[in-house]
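**Q** What follows is a structure written as structure tokens; I'll ask about it next.
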Amino acid sequence: LTCRGLVSSASRPREDSWLKSLFVRKVDPRKDAHSNLLAKRETSSLYKLQIHNVKPECLEAYNKLCQEVLPKIHEEKHYPCALVGTWNTWYGEQDQAVHLWRYEGGYPALNEVMSKLRQNQEFTEFRKERGNMLLSRKNQLLLEFSFWNEPVPREGPNIYELRSYQLRPGTMIEWGNYWARAIRFRQDNNEAVGGFFSQIGQLYMVHHLWAYKDLQTREDIRNAAWHKPGWDELVYYTVPLIQEMESRIMIPLKISPLQ
């Protein structure tokens with residue numbers, strides 16, 4: 001691999017042919033907005049990822065408050081949104097809560113939900129009480145990759161891994177083209193939950209969400225991927241696209257549809 005720059009011109013057609021076979025649905029970044037090229041076209045769902053860093057002494061009270069209020073929003077038919085999952089980070093940043101919401105209908109649905117919640121006195125009080133428990137918070141609006149699974153409720157118990165990648169600007173199309181093939185290597189054990197990329201917030205962010213029975217199962221499944229022909233090449237070509245990466249191991253709250 002360290003001698004890639006010394007490959008003879010006679011061998012380049014073979015390499016080009018291999019690279020072309022790598023792409024399942026190769027997209028041309030010159031033809032359309034990247035989000036239109038990479039996102040699911042059959043749905044208009046928008047996702048919101050919320051990450052809350054909670055005061056250590058308040059985490060139990062924070063979880064209790066969320067479990068009392070969030071299902072009311074999730075189950076209310078007048079709100080065009082659904083709670084996909086809600087977790088506490090187990091390994092990674094401590095005393096952290098992660099929430100993932102889906103808005104059926106994209107930005108209009110998001111605007112409708114936000115407008116209605118501003119008129120909801122209980123939610124206003126919830127936000128005020130919740131704010132007193134937080135050290136910091138951030139959110140991102142996301143679209144889902146067309147080649148990933150749709151995140152649907154699942155029974156537990158499971159642990160979840162949220163792997164977050166900060167890509168180099170301009171490389172999202174490359175990432176999508178490689179992972180359209182790579183995801184095939186990670187479907188055997190039903191561990192793939194969802195794959196998303198940011199639209200608002202921190203840009204050029206990718207989030208892959210995985211489910212495992214436990215940490216040892218996670219290790220076994222990830223190691224098994226390296227024995228499948230082609231996985232190592234895909235990792236080799238995607239690693240240079242990454243600026244930073246982070247892994248969170250998360251435990252779902254009782255109200256989470258993803259258990």
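Glycine is no exception: its Cβ is also placed from the backbone N, Cα and C atoms.
Feature list, courtesy of TrEMBL:
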DOMAIN    160-257  domain 'NIPSNAP'
**Q** Given the model, what does the mean pLDDT over the domain 'NIPSNAP' (160-257) come out as?
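**A** That stretch averages a pLDDT of 96.
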**Q** How does the domain 'NIPSNAP' (160-257) divide up by DSSP, counting helix, then strand, then coil residues?
**A** 37 helix, 36 strand, 25 coil
